[in-house]
Amino acid sequence: MDATLPPASPILPDFAALPQAPAPVTQLGRTLAADVLKLRRTAALRLTLFSGALPVLLTFCIFFFKGHLIMKAGGDPWPRFISTAWQTAGTLLLPLFVVLLTSLVVNIETKATAWKHLYAQPVGRGAVFVSKLLLVLALNAGALLLFVGLLLGAGALLGLLRPGQGFQTYSIPFGTVGWMLLRTYLATLGLLAVQYIVSLFWRSFVVPVGVGMGAVVATFALLQWEHVSKIPYAAPFLTAMSMQVSKAGVLEAAPEVARHEWYALASFGAVLVAGYLVLYRRNVTN
Amino acid sequence: MQLAPLLETRGLHFHFGKRPILHDVNLRVEPGSIYGFLGPNGAGKSTTMRLLLGLLRPGAGSVHLFGHDMARHRVTLLNRVGALIENPSLYDHLTGRENVEATRRLRGVAAHRTAEVLELVGLADNAHRPAREYSLGMRQRLGLAIALLSNPDLLLLDEPTNGLDPNGIIEMRELLRRLRQEHGKTIVVSSHLINEIEKVATHVGVIQEGRLVFQGSLPDLQRLQTGRARLVLETEDADTCRNLLPRLLAGATVAGAGTLWLPWLSREHTAELAAALTAAGQPLYGLRLEQPSLEDTFLHLTEVKADLVQ
């Protein structure tokens, strides 16, 4: 080294020994902790809260103002109330919610041009991939739970405000609601995986939202097709429509995972594995 | 004494599709140095920085950090590297502190470091404000704070003075010097401005069209330019002089009606030229030696693509 230069510090790193990389679970835990923090004050979080409440609010208003007409014949109001709300939520709102949620969560990094930063941190690409996926899955579950909680709460409230409809006299069909909750969640997983991979691949907000909206609309046009149950975007609709109110006024939903829900689960697994293999080796250019 | 390099690239090649970006780049960064990585925009600086971090996969060649292959030990090696690539990656909806905190959690660094690095870059008073309200200079400093979180041995900074005002540039320079001298950090800092690098770097690498055209210590680069000193001769009629003294003015170029430029050869040659010119009856208005600035050297290196790699 040249004499005119100030001497280099004696505290040079000892770089012969290579320390252990943190365990994959540790990496995932750290990534998840960071991802949860980044969720603060985001549209993704507000959307989750809002989407759970909107269909309940609509159904509540319908029953509050027109319930006496719907329940003219008397009997248990819960089946009709729950199925009205579920069909409002499950047919159109739920697929669009999943599309928006996934795009918004991935967009947190894209908007901050943070992919280059994220991948230059000492966590593997797998940890980044799984962490955000878990986040989307948790928010999706949160929105559904919020929806069900608010729905049952709104029914109870109607029991107080509109005692004539009989919400307070009949018991809540918890078993059926529980099954529908599980089945609806499973039904969203296929399209969630597709949207997740599309969002990660294009790293934009517009492309996944466009793809998602297009797919939801196209699915509606294809509802009569014999293979519609294999389209991930159709699954939430099929699940919501599978819940019926029988002539006797009983809420009916099969207490088993339906064929289209198995398909959704299978596409979830297949799309994620294929997507990860494509994304894993990719260069990070933004 | 030749130290083992802390960062080394061996025959690094990279291309985007069919478009070649880097050709056979062999960087060598010694521990405890500030390596100024210079080149015009589009020469391949950012691409090289991304390759060093494992963000891009080299077409051929390899990157070695701390003596280990980056391709095989990426996660482990990145534990000891802090980086700021182009514009800092900041989450505008989070406060300055939360931005630091996000990376702190990601790296599993001790909680007290957040306050320390914010203090170090002078943002402690503004840490509660959302990042979207930050000025360009503050964003750059916040990015640096995040890069310093894990107390890394190696700092990779891509154009860190982008968008800084003169005061900010001086502060950044001071900070880099302090990090090297007091904390023993090795720093690679890229820039397209030689003036910025020459004040802080100990070593310099110059890249042009994807090729490393110079690599060595700053004094080496300064020595390189002494061979390019220029004699400026002012007279009445440059063309006439050149015709009268074809041997002495062999390498001269006419820069103006009465101005000649010629490479400086020796003191004797200068004296002989002055004597011959007067003897030939030509007026001699001025004769001076011009040292090219580092900037000229840099421009020269990046123009002619000379093969000067040592």
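Glycine residues also receive a Cβ, built from the backbone N, Cα and C atoms like all the rest.
Record features, source TrEMBL:
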- A:47-65: transmembrane segment (TRANSMEM)
- A:85-108: transmembrane segment (TRANSMEM)
- A:129-157: transmembrane segment (TRANSMEM)
- A:177-198: transmembrane segment (TRANSMEM)
- A:205-225: transmembrane segment (TRANSMEM)
- A:262-280: transmembrane segment (TRANSMEM)
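Taking Cβ pairs closer than 8 Å, the transmembrane segment (A:129-157) reaches residues 28, 31-32, 35-36, 39, 44-45, 48-49, 51-53, 55-57, 59-60, 77-78, 81-82, 85, 89, 97-98, 101-102, 105-106, 167-168, 172, 177, 181, 184-185, 188-189, 192, 196, 200, 272, 276, 279-280 in its own chain, all 6 or more past its ends.
The stretch from A:47-65, A:177-198, A:205-225, A:262-280 that makes the most Cβ contacts under 8 Å with the transmembrane segment (A:85-108) is A:205-225. Sequence-remote contacts of a segment are chain residues at least 6 beyond its ends whose Cβ falls under 8 Å from one of its Cβ atoms, and for the transmembrane segment (A:205-225) they are 92, 95-96, 98-100, 102-104, 106-107, 110-111, 191, 194-195, 198-199, 231, 233-234, 237.
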